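Per TrEMBL, the feature Na(+) binding site maps to Val64, Asn68, Ser302, Ser405. Annotation comment: TrEMBL describes 53-70, 82-102, 133-154, 219-237, 249-279, 291-316, 328-354, 393-417, 429-446, 458-480, 500-521, 533-554 as transmembrane segment.
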Amino acid sequence: MENHAFSGTGENGKPIESRSVASAMNSTTTLQTDSDETKTTTTSTRDKWGRDIEFMLSCIAYSVGFGNIWKFPYTALKHGGGAFLLPYLIVLFIVGRPIYYLEMILGQFSSRGCVKLYDLAPAMRGIGVAQTIAMFVVMTYYAPVLAITFRYFVASFSSTLPWGECNPEWSNCVNSSFVGKLEPTNTSLELQSSAELYFLKEVIHKAPSLDDGLGMPDWKLALCLLFAWIVVATILIRGAKSTGKASYFLAIFPYVIILILLIQTVMLDGAMQGILYFITPQWDKLLSIEVWYEAVTQCFFSLSVCYGGIIAYSSFNNFSNNVHRDAVIISWLDTFTSIIAGCIVFGVIGNLAYVSGQPDIQKLARDGAGLTFMTYPDAIAKFQFLPQLFSGLFFLMLFIVGVGSNLGVTTSIITAIRDHRPNLQHWQVVLGTVAIGYVFGLLYLTPGGFDFLDVIDYYGAKYVTLTFAVLELATIAWIYGVDRICRDVKFMLGIETSFYWRLCWGLIAPAATLLILIFSFADFELQKVPMGYNVLGLFIYAIALLQLPGWYIYAVRRRRSKQTESLRKAARNALQPSDIWGPENDAIRLQYQREEEQYQAIQPTVTGALRRIKKRMFNID
């Protein structure tokens, strides 16, 4: 553990100095817990990144993932091409980046994961628990997609790409390696490429529906899943230090491959037509509410905010790390990566349109996994020069960015567990989480696995995340307070928070997220699967939703059992920060609490809703 001395600036502008973190680790301080129970607490310093740059690289590896490679290009194409970039950049500026910066601040300031973070308002701890449930759902299906990616990477080393030619057993199949325009046939059945049939019949053995259940997992994919989890466990086993060291490779090397693929792509015949199709604006789309809805959801998905991973990573930071700089760099880099990935994917699709004689590029593009495992392999099979090389590079890049994202997802869960049970050894929590992730991951590698994935993602990830994103922002901005966040930033980094950040945190981001949630509920419909699967999905959502009232009741009852308070007073006080809230280091936390008490003591009583809002958000009486 490095020996970092702390220095900062208090609310009164005077410098604050404390003992080093290493010496404070041995201190013993008498503190009041949130239950008003006096006890002696010995500081146990949290594991830290080896260097500040490792935090930024880990966040890049976490945020840049499948959302950039397969979701962004298709979403942009579907909603106006180049015109989609304008609302996306606006949303990034007023919603995505502010939330990203906010979560970095909270994680670094408190050295807590997304559950323990709610020491800032103990009654709202259910938000962090629900977000951990959503992260667990994501963890269960993220690794299976990695397993399929790794299988394609291994298959790329074959003498001929196995999806390039049709299997004699496949009917209505056309070789993906065929170059040229297909002549119309008399058959009414639609032809399918060998790349599509290879994915559906050889890789995932897709069942026609879920009516007959999920089926048994494919043994080859089960081995690939085991390998994916071994990679993740190996990196995580030593905590933040080993994750930080791996981030140099996980964050940087994919860009080497992306650069190679971009250069190769623009040299293909028809590639520029595909890229132009991708970026050409359709300005009429800007008037559609759906475009703005997709821009916000894409921003959440791409930056991975309101899941808990950013808070978990930030909790391993040194107290004075410049997270403002990191948030700006990572958010712009994530957007840049999405655009470049879109150019690569649609450059390849443009080449596919050119060699196949298909004039409508949009007919060749598929959503999600279909774009990655059907359309792209189909196009690569037509390459005349070393298709195995470019296939291997693409799937290696996809596997690496997937591992980086999975590390963030898994770290969030591990951090939540260890915050609650610090007596558990880190390696025990890692191995236990990985083992559970592997067992659940097998469900998605069955013939009905991809349909099951859609259901679980729809209810357990999308709706849980959006619902509790609204509650997270409301709790932090309005219960804890934008004004207090800004004082925390001043104490931690010694900088004033601008009007831009205050406005985004207090009004724009919560309002935009709430509108997206309302729009999602208005657009809600049951998945087209047997009712039992919908019931399971709704059950997961209900379990997450019940965490909020459950933990609120628990916090109120706990206060009333320790103090003589009316129910109303206990309910109100359970929303106040606990007495152990603040920086991890005992000496720094006591200094912070003294300054906060001094600040509150001199504040005049503010009456009127409008004046309270102005005071809370902008520190204006």
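Each residue, glycine too, has its Cβ placed from N, Cα and C.
What you are looking at is a predicted structure, and each value in this text was computed from that prediction instead of being measured.
On the structure: features taken from TrEMBL.
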residue: Val64; record: Na(+) binding site; Cβ within 10 Å: 29
residue: Asn68; record: Na(+) binding site; Cβ within 10 Å: 26
residue: Ser302; record: Na(+) binding site; Cβ within 10 Å: 25
residue: Ser405; record: Na(+) binding site; Cβ within 10 Å: 24
>> Using a Cβ cut-off under 8 Å, which residues of the same chain at least 6 positions beyond either end of the transmembrane segment (249-279) come close to it?
In response: 57-58, 60-61, 64, 73, 76-77, 81-82, 85, 337, 340-355, 361-362, 383, 390, 393-394, 396-397, 400-401, 403-404, 407
> Against which stretches of its own chain does the transmembrane segment (393-417) lie, if we need a Cβ under 8 Å and a gap of at least six residues from its ends?
Replying inline: 58-66, 68-69, 113-116, 128-129, 132, 135-136, 138-139, 142-143, 145-146, 149-150, 152-153, 156, 228, 231-232, 235-236, 243, 246-247, 249-251, 253-254, 257-258, 260-261, 304, 307-313, 315, 372, 376, 380, 424, 426, 429-430, 433-434, 437
> At an 8 Å Cβ cut-off, counting only pairs 6 or more apart in sequence, do the transmembrane segment (291-316) and the transmembrane segment (429-446) clear the bar of 3 or more pairs?
Replying inline: no
> Beyond Val64, Asn68, Ser302, Ser405, what residues of that chain have CB atoms within 8 A of the centre of the Na(+) site's CB atoms?
Replying inline: Ser63, Gly65, Phe66, Gly67, Ile69, Leu303, Ser304, Asp334, Thr337, Ser338, Val401
>> Cβ under 8 Å, sequence separation of at least 6 from the ends of the transmembrane segment (500-521): give me the contacting residues as numbers and ranges.
In response: 91, 94-95, 98-99, 101-102, 289, 293, 296-297, 462-463, 466-467, 469-470, 473-474, 476-478, 482, 485-486, 616-618
> Can you find at least 3 Cβ pairs under 8 Å between the transmembrane segment (429-446) and the transmembrane segment (82-102), where each pair is 6 or more residues apart in sequence?
Replying inline: no
>> Within the same chain, where does the transmembrane segment (533-554) have neighbours whose Cβ lies under 8 angstroms from its own Cβ atoms, ignoring anything closer than 6 residues to its ends? I mean 6 or more beyond.
In response: 123-127, 129-130, 133-134, 137, 210, 452, 455-456, 458-460, 463-464, 467-468, 471, 526-527, 571, 574
